[in-house]
Amino acid sequence: MRLRTAIATLCLTAFTSATSNNSYIATDQTQNAFNDTHFCKVDRNDHVSPSCNVTFNELNAINENIRDDLSALLKSDFFKYFRLDLYKQCSFWDANDGLCLNRACSVDVVEDWDTLPEYWQPEILGSFNNDTMKEADDSDDECKFLDQLCQTSKKPVDIEDTINYCDVNDFNGKNAVLIDLTANPERFTGYGGKQAGQIWSTIYQDNCFTIGETGESLAKDAFYRLVSGFHASIGTHLSKEYLNTKTGKWEPNLDLFMARIGNFPDRVTNMYFNYAVVAKALWKIQPYLPEFSFCDLVNKEIKNKMDNVISQLDTKIFNEDLVFANDLSLTLKDEFRSRFKNVTKIMDCVQCDRCRLWGKIQTTGYATALKILFEINDADEFTKQHIVGKLTKYELIALLQTFGRLSESIESVNMFEKMYGKRLNGSENRLSSFFQNNFFNILKEAGKSIRYTIENINSTKEGKKKTNNSQSHVFDDLKMPKAEIVPRPSNGTVNKWKKAWNTEVNNVLEAFRFIYRSYLDLPRNIWELSLMKVYKFWNKFIGVADYVSEETREPISYKLDIQ
């Protein structure tokens, strides 16, 4: 009987503690538990990587200084437009399944050409592509854009296509359309499921170097970090621009960010690594910018902003010579280039138009950065001028846009860190409530209650005597007659068995009531279960089979011990 009472008290105490929001007060020990979580658990004074002679704090400072000018630069008429074939056939598998039918997946193309500046008009674009030198083949037309745009007198020299890390002819196809990037921002579209998982699985498993290969050279490790940082940067953008279905507004989603990025310090680190790689590529072409300074087609203000951005970068931000220092060979370099070119082609298999657009832009930007860093021979000035001179306008736009995406990712990481801190220290801190009302604290308080109950059961008579004695001391000034103690008759064993019988009867009745209520609730439970199955089947039918599972239903209950 006493044990049953104690167990009942335990259950009641546990339920009360679990459902109360203010059961406990946060202690220093709880605060230490918060500090041990994995959000950006990186020493900001450490270097980003062995090939980067710059710390996380230094990159944050650089990004803060250039952020305004970079944002204005990317919104200018020259850099905010991009040309792309959105419906190029996937060359890896049949990608007709899993189409994203959400309006957020679509892309708004430019139809009113009259609103475009002169250098984006069709006849101007056509002249750039057609007025080429006779000795060059058609595939080199677009590569000579910057030379023609700036009316340089230097004759271009033919160069093999083997230096490209992406297919530069993707932007001149007959099905290519012009897109205003400011009207199609990168944000959460709801695209996901098995098809999206297949994209990243193919990139990591079939194109990244294997675990046995990585660690043997910085080049192979750098390839994986580029892909991982690219993936993490996309996740950060989607977390920042997430549709709140209750308010209808696009706003940051801390829970989604934590589930995808915040709990994984290596992913945050790889984003900073990518930032350093692209920044060094921009710094490396700075001496050649006057040679294709857009010939007065871009106003002076935009030129100044571009100079302000690149001038604050430094050569120490990334040492590309160290990446291939010990194993620079044509075979490894060709393999590196071939694998990354495959990554850019895999973007054609993405069935969300908006996702494909930004995937192609950013992979093209990374490909351009790699070409600048690894194909320009510092000892050969002629080769440097030649490679930079053959950059297409789309490569240059993609390079700046990719740097802008990484800049926004770095800014978003710091923003999410502040949001995370406010949640930990806020009055409505559900994560704090988890640590304060966790199962072990509940058991601790329940154990106290059990001990108290058992002590009361075992010392009822002693408790009464102590109470009477304490009362006599409290009212010592009153002369009260002593109460006459009349012994009550005790039936002994009879009362004991009677109480036990009544208790067991009540338990049986309660069990029958539980079974009865379960049968009453059965139709409703079957209806809800069937509705959920139909809902999942419908999502699978329209191509978003795992859409529900990607949302964090219990966002605060992440596994903070994940490495």
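Glycine too: its Cβ is placed from the backbone N, Cα and C atoms.
Recorded disulfide link (Swiss-Prot): C355 to C352, out of the candidates C349, C352.
With R187, T189, W200, S228, H231, R260 listed as the residues that bind FAD, the site has a largest C-alpha separation of 21 Å. Within the same chain, residues at least six positions away from R187 (FAD binding site) with a Cβ under 8 Å of its Cβ are A104, H237, L238, K240, E241, Y242, L243, W250, R354. With W200 (FAD binding site) as the anchor, the candidate recorded positions are C100, C105, C349, C352, N425, and the one with the nearest CA is C349. H231 (FAD binding site) sits 30 Å from N425 (N-linked glycosylation site), taking the CA atoms of both as reference points. For C100 (disulfide bond), other Cβ atoms within 10 Å of its Cβ number 25. Cβ neighbours of C352 (active site, nucleophile) (same chain, under 8 Å, six or more residues apart in sequence): C100, N102, C105, T189, Y191, A196.
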